[in-house]
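Student: Below is the structure I would like to discuss, written out as C-alpha cells.
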Amino acid sequence: MELNNTITRSEETGETSRPAPTKKVFIKTYGCQMNVYDSQRMTDALTTDGYAQTEAIEDADLILFNTCHIRERAAEKVYSELGRLNKLKAERASNGREMLVGVTGCVAQAEGNEILRRSPVVDLVVGPQTYHRLPQVVKKARAGEKIVETEYAIEDKFEHLPKLEKAAVRSRGVTAFLTVQEGCDKFCTFCVVPYTRGSEVSRPVSQIVAEAERLTEAGVREITLLGQNVNAWHGEGPDGKEWGLAQLLYRLAEVPGLARLRYTTSHPRDMDVDLIAAHRDLASLMPYLHLPVQSGSDRILKAMNRKHTADEYLRLIERIREARLDIAMSGDFIVGFPGETDEDFEATMRLIREVNYAQAFSFKYSQRPGTPGADMKFQVEEHVKDERLQQLQALLMQQQHAFTASRIGMEMNALIEKPGRKPGQIVGRSPWLQPVIIDENVAQIGDIIKVRIMSAGPNSLYAEPA
Ligand code: SAH
Ligand code: SF4
Ligand code: F3S
C-alpha cells in the first residue's frame, strides 16, 4: 500500500497538507527510545490515513498502547491501564461512537492472543515487526474483527521502516532519533528483547543517509542513531566495502547542517577499534557513551551470558578515554540476578567506583517468562534486591551530582533546543546531554553557542553566554 499518495510537501516549510482528518488517534508510549521512534512513525502512517493525533484519551477513536515487556512491572502496568478503558468503551458503545483499542510493542509481540484473553477491551494487537500492516489492521478492526498481527517473515523485518518513511517529513525540533538497527542476537539470560524484537537487522547506508539529510533539511541539528545493539550495525558502503558503525558515523558527519551525532545503546563486545577511533576523530560525535555492563562480577557476567569480564570492560573504557579525554560514561545495572551474593554485589560497587559514571540506570532483576534466567536456581529475595538497589543508586547519584558540579566554570557549546519557562530564557543541551539554562535570549532555536557554566542543579546547568 502506498502511504504518501495524498501528501504534498511545501519546499519552504517542510509542512504537509493532507485531507482533513476525520478521526483521532491517541498513542501512549512505554519503554525505550525504539518505542518512542516507532510511535512517531505509527502516528505518521495513521495521520496519512485520515487520523489526527490527540493528547486526550477521552477524545480518541483509536487508542494505542505501545508497550514494553522488559520488566514485570512494565508489562503489568499495561493491563491495569487497559482495565481502566472498559468504562470509556461502554460509554462510547451506548452513544454509538467508535472506540478501538490496540496494543503494540513488546508486550504485543510477547503475549499476542493472551492480551485479547486478559483484556477483552482490546481490538487489535500488532508486534514491532509488523507495523507496516497497521493501517490495514485498523481497517479490519473498524469492520469489527479482532486481530493479532505478530507473525512476520524475516524479509518483513525492515518493511515498516522504508514504507513509513514515505509518510510526511515533519520537523521534530532540533534533535531527532534515527533507527539504524533493530533486534538482538546476544541472548543475555535475563532479557526479553531477542524474543520480542527478533534477530539483528541493519538498515542500508543509503536509507540512513537519505533520512539524515531529510531531517537536517527540516532543521534537525543533532541525530541519535538508535538500535538495541547499535554498534552491531553493519552494511555495505557505497565503496563496496563492509561498513561498521564507525564508517557510518564518518559518513553522517558529512551531512550538511548536522552538527551533533550520538548513538545508543551499545554492547561492550561490539566496541571495535574503528569505533573508538571515531570518538577521537569526529568532533561532531558527542563525548558521551552509554555502555551497559550490568554487573561487576565475572561469575554473574558469565551467568548473564554477557561474554566479557569486568576487567575487559574496564580496559575498554580506558581505551575509549584515551581516544576522547572528555568522554562521559553511562551504563545500566541489574541487582539481584539469580545467584548474586554479597561479594558479587560488592564487585559491582567496585566497578562503579572505578569507572565513575556521569549517569546510569539501575534495576532490580525481574524474572521474565521464557528467558533462561527465569528458571535459574537461587533467585534473590526481594528485600535483598531492594537493599542492594538502594546502595547502588546512592553511589550512582553521588557520581552523577559530582559530574554535573564538575562542569561549573567550564566553557562549552550548547545546542539551543527551546524557550525556557521564564520569559527571555532559553534552554540548550550540553555535549553531555545536560539541559543548559540561559537567562538571556541570545540565540535562536537550533543555534550552537558558546556558554560559560555559572552554577549547577542536580542535573541542569545554568549558564551565561561566553
Ligand atoms: N540492548 C541494550 C538495552 C537492553 S534493555 C543493552 O544490551 O544494554 C535496557 C536495560 O534493561 C538493560 O541494559 C538491563 O539493565 C535492563 N534489563 C533488561 N532485562 C531485565 C530484567 N529481566 N530485569 C531487570 N532489568 C532488566
Ligand atoms: Fe537484551 Fe542483552 Fe540484547 Fe541488550 S544485548 S537487548 S540486554 S539480550
Ligand atoms: Fe521495552 Fe521492548 Fe524497548 S521490551 S525496553 S520497549 S525493546
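The backbone N, Cα and C atoms fix where each Cβ goes, glycine too.
According to TrEMBL, the region 'Disordered' annotation covers 1-20. The domain 'MTTase N-terminal' annotation in TrEMBL covers 23-143. The [4Fe-4S] cluster 1 binding site annotation in TrEMBL covers C32, C68, C106. Taken from TrEMBL, the feature domain 'Radical SAM core' applies to 170-402. Summarising the annotation, TrEMBL assigns [4Fe-4S] cluster 2 binding site to C184, C188, C191. If you look up TrEMBL, you'll see 405-466 marked as domain 'TRAM'.
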Student: Cα distance, C106 ([4Fe-4S] cluster 1 binding site) to C184 ([4Fe-4S] cluster 2 binding site), nearest Å?
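Tutor: One finds 13 Å between the Cα atoms of these residues.
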Student: Note the mean pLDDT of the domain 'Radical SAM core' (170-402), expressed as a whole number.
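Tutor: So the average pLDDT across the domain 'Radical SAM core' (170-402) works out to 96.
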Student: For the binding-site residues C68, C106, C188, which residues place their CB under 6 A from an atom of ligand 2?
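Tutor: Within range of ligand 2: C188.
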Student: What is the number of residues in the domain 'TRAM' (405-466) that are helix, strand and coil, as DSSP sees it?
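Tutor: Once the DSSP states are binned, the domain 'TRAM' (405-466) shows 1 helix, 31 strand, 30 coil.
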Student: Please classify the secondary structure at C106 ([4Fe-4S] cluster 1 binding site) using three-state DSSP.
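Tutor: Where C106 ([4Fe-4S] cluster 1 binding site) sits, the three-state DSSP reduction gives helix.
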Student: Here are some binding-site residues: C32, C106, C188. Which one has the most Cβ atoms within 10 Å of its Cβ?
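Tutor: The residue with the densest Cβ neighbourhood is C106.
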Student: Please report how many Å separate the Cα atom of C68 ([4Fe-4S] cluster 1 binding site) from that of C188 ([4Fe-4S] cluster 2 binding site), as a whole number.
Tutor: 17
Student: Taking 10 A as the limit, how many CB atoms besides its own sit near the CB of C191 ([4Fe-4S] cluster 2 binding site)?
Tutor: 22
Student: Got a sec? Which of C32, C68, C184, C188, C191, the binding-site residues, have CB under 6 Å of any ligand 3 atom?
Tutor: C32, C68
Student: Can you list which of the binding-site residues C68, C106, C191 have their Cβ under 6 Å from some atom of ligand 1?
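Tutor: Among C68, C106, C191, near ligand 1: C191.
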Student: Tell me the coarse DSSP state (helix, strand, coil) of C32 ([4Fe-4S] cluster 1 binding site).
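Tutor: Assignment for C32 ([4Fe-4S] cluster 1 binding site) reads coil.
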Student: What is the interatomic distance between the Cα atoms of C106 ([4Fe-4S] cluster 1 binding site) and C191 ([4Fe-4S] cluster 2 binding site), given in whole Å?
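Tutor: Each residue's Cα considered, C106 ([4Fe-4S] cluster 1 binding site) and C191 ([4Fe-4S] cluster 2 binding site) end up 12 Å apart.
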Student: Rounded to a whole angstrom, what is the C-alpha distance between C32 ([4Fe-4S] cluster 1 binding site) and C191 ([4Fe-4S] cluster 2 binding site)?
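Tutor: For C32 ([4Fe-4S] cluster 1 binding site) versus C191 ([4Fe-4S] cluster 2 binding site), the Cα atoms are 14 Å apart.
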Student: If you draw a 10 Å sphere on the Cβ of C68 ([4Fe-4S] cluster 1 binding site), how many other Cβ atoms land inside?
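Tutor: So the Cβ neighbour count for C68 ([4Fe-4S] cluster 1 binding site) comes to 22.
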Student: Residues near the [4Fe-4S] cluster 2 site, C184, C188, C191 excluded, by Cβ within 8 Å of the Cβ center?
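Tutor: Other same-chain residues near the [4Fe-4S] cluster 2 site: K186, F187, F190, V192, V193, P194, Q228.
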Student: What is the total of other Cβ atoms whose distance to the Cβ of C184 ([4Fe-4S] cluster 2 binding site) is within 10 Å?
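Tutor: Around the Cβ of C184 ([4Fe-4S] cluster 2 binding site), 23 other Cβ atoms lie within 10 Å.
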